[in-house]
């Protein structure tokens, strides 16, 4: 632990704000552990105290808080009873390196962990739950916590050199990168440290620090910029976070001067072994690599007639001696597709590429699979690949940054989406769920969960103040996939805003349903991708209709939707096991909300709601927009209870959300009215 | 005349290639005039001789060529008879500063001009027409030439500093700017000089040297970069070309530190007077300014509640003491339009803004009006503004760069388009034509013609070798709006390629109809703008359908087209005088090729051809694509007679043209088939 430390100097401390930590600060807190991370906890405590100033009152609840590792419990004056209670609280399976227990007896609270990371997570649990845990005369109680998923990773899509099209952070909507500037790692890593604290505070234990699209400058993180990468890793390590690096598959050519990156060539393997050796001598505890290969024009093993098992194992074998892992992304599809060719279906691609390779990957390879077969849509089927891989470690990939969900200009709380995905029954007949697979409960090899970050150098980190909730919720759901997204949201709100309970309730109520509101005013019934090409913000119904990127809705004067059935379409439904496959295959049993993802139906098709598809389109678009108007009204009613920066930020973003929602409503309704000629049953305004 | 001169070192000499100039080089050529431009002619002759090496044969036609100004004719040993013939050839109105006569008697040829520019144009006329004028034993003959339009300007859209979106040359498809690099004027202006020779050789006498979108760096051409601007002007002057500068209307704020650019403020007028004074002290013969104001987010007088007469006159009054002129662009429209609002019609905008101001502009203001009311489409109505302005100088604005016509990847010879525009009868009842107005023959004040350049630092100047014809044709048609575009094309081909007559005939035959081929496979019946947003290359039928830029086709399941009638639409037709207005107002009398520009009609509407609109769409798209296939075949049959660079370039571009034409055909046909449900009568393949 070294260097000057600040408490979010100049930036928003988010849910770590001292304003909501008084119940902890009023108590006497001690830390007892020899683990290096205990120093971090002590330092964090000091910083928080400095930032908060003198406690504002005498404790009205817990008076003494002890954070310790179990090995110190006996040597700490907590009393036999309390020590016994702590030991009794430890689950039979133990706490592992990251678990902890919380025991309160009267005015005393003990948080005990098996090791340093658990201590750190216990500390942040205490901060997040400051009020319920430490305030007033709470009842005695006991909790035990252990993360469900062993790896809980965040991917930065930060570019070292500003990309001419993608900018400083690819799909970033919160300013520039605070990791890099002008093609280099920044000298002052204090913002990176603050970010590490935010991540650790919600249980994130792994971070890949550069964009998966590894361009020329970033490739050299493996070489010239390695000392700078080590500086980043030093900061992250102090917060229990393992560093991962995104690498270019073509690095042996780009850096090594070889004329090939063929995975079956000895000199390629040798180059990687040496490169990895160098990296580990600088960062002995590097987690490993993240790789986007043969994907959206990135280099990969296909160039050499090799497959992705060859490619991934090549890197895995270089990493193995050092204990490293390769996260190999499965976002592999033909991005030069011909829209005329109905036999190609982008949704099929990942499964078709990777299922035949199941069993051929080394055990330090993790296949990183996006939750849906397309690309982070607000509604799409859950990827059949995740359930299909039985002999390969799999990581679920989520997206915190709101690429397709309003780009942090729209309120769109993603917790419910992730909960739905994590709870998805991959067989339709009793599991396992995606969450079971990610957590290892399914008994299959796993790589945990990964998600793309939503932060940048904006003062509030996420562009939209309320989008902080998504970063928070990702960490909490990765820790516990069974957690209620509404409870996570409530925890975030309570930790973030020092406002009264009624205001918190209203804020969380208006955020809770925002995902479904967003779905209503955008692409209907799971058809997806009616966004402006490239930017992916705002409506363009035909934006991808004739695109080589391969996402179509096939609307004509009679109907709309993508026929992915075996009977008459692309056959994608057969990628699911029974009974799911049959359920999706038949429009009568296919869930309405995915109807147009799986089927091309006439506008007159009647949904379970009793409404036709065309009337459903009109209704949801009017309703979605009305709900945004309602969001504006409800926020206005409570806005004055928040600080000025939050008020200004949310006001401004809500105005844009309303404008954009109206644009979505009107473009989608007009498009389908012009196509179908069917008037709205309720006679609302649809522009001709 | 100073400095080392080269003959197109390293770049394509285009139609000035020595390969086709032998009939001139074989003769003895003398130049007699005291005009400084005579030095240019002498130097050009020397350069050409050096480049060509020794003449390849004895003269087989003309043996002596004299270029002189009329004042030297008596002192030159041409003989009394020839001198008399020259004097007799001078038209009653004289030759002016730019005219010349050509008199051939047996083996002697005299080109005589009134002044230096005429001499220069006579020289280049000789080069362009080398074979017919000087080869073999031609009959005695006499020609007199004088440009129809007094100002024949080209606009560079070059940026000094590479623009993050628009690049080095806005709408440039031939590489980077050769005027600017890294935010500065280039040190070595030899390429600018070569360009000046190309321009002079087709009669261009004015050049604005920077993009009309004047960004921060370019604004400082008025100040810091003025010495560099003067260097450019020095080069252009030696080739008879007057320099113009694009300026930002907000320069008093951006450069002068004022807090306003209000045209009615004395301090603003004073700032401009002083700025202009500085510019003229560096470039005493500057032509003046080109201004894009209140257009596509550029600053302008609207900001101050002033109008465009106030704004233009502000600059005109600063320029007046120095004899300068302001070219004020009329491309003023609402680029934040709401597609829902059917009362706004972008086509109306220029007329609505400027006609009420007619008579209020100073006589050193020229209003520069694009040929159509939208934006350089391959087919749109001719702007009614040009005919409507009676008391204001008007310049016709054309576009040589193929922004909407294939971006120099498609063969699209624009001569026929410009001829059609120049020949357009603005009243529909006996003129004047656009050409009459531009040339002054209409008796109205005029500012000539202007066109956006198509050159960049590609070795062949224009990206597509055959696009050189467009630069050539623009100059020739600006000189003589009544010239036949096919004859101009033939002149270009003969001067450019040293190939046999049959090959030339085949080349020009395949280029001659390329504009109508392009029209066939792109947007149908004048509806325009079905292009990819921003780039404007390739099809996107709905690309601008819901756009704030305001160009829509309003296709629905029943019909397509823009209702611009008085009876039921935007009322745009009333901007034309009778009988044109009535002709456009009624679909029965509206020309078919503009039907969807003026009317929204059902797909079943029967055209004069007897075909329905929908069948016309299918037919023209299949035909247009077939014609491109034919282009490929015809080019392949003659390609081996051309040099390797031309062959490679045209082969490669034709392959892309064919790919793109097929994409246009299929997207447009599929779009309208999905909309209308009407099958192709001939049963050709239309993808569902």
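Cβ atoms are placed via backbone N, Cα and C, with glycine included.
Source: prediction; values computed, not measured.
What TrEMBL says about this one:
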- A:296: active site, proton donor (ACT_SITE)
- A:375: active site, proton acceptor (ACT_SITE)
- A:403: active site, proton acceptor (ACT_SITE)
- A:142-461: domain 'Glycosyl hydrolase family 67 catalytic' (DOMAIN)
- A:462-684: domain 'Glycosyl hydrolase family 67 C-terminal' (DOMAIN)
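Structure with TrEMBL features highlighted.
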{"residue": "A:296", "record": "active site, proton donor", "Cβ within 10 Å": "12"}
{"residue": "A:375", "record": "active site, proton acceptor", "Cβ within 10 Å": "19"}
{"residue": "A:403", "record": "active site, proton acceptor", "Cβ within 10 Å": "23"}
C-alpha of residue A:403 (active site, proton acceptor) to C-alpha of residue A:296 (active site, proton donor): distance in Å?
17
Residue A:375 (active site, proton acceptor) to the residue listed as 'active site, proton donor': how many Å between their Cα atoms?
12
Mapped DSSP class for the residue listed as 'active site, proton donor', helix or strand or coil:
coil
Find the average pLDDT over the domain 'Glycosyl hydrolase family 67 C-terminal' (A:462-684) in the predicted model and report it.
97
In the three-state scheme derived from DSSP, which category covers residue A:375 (active site, proton acceptor)?
coil
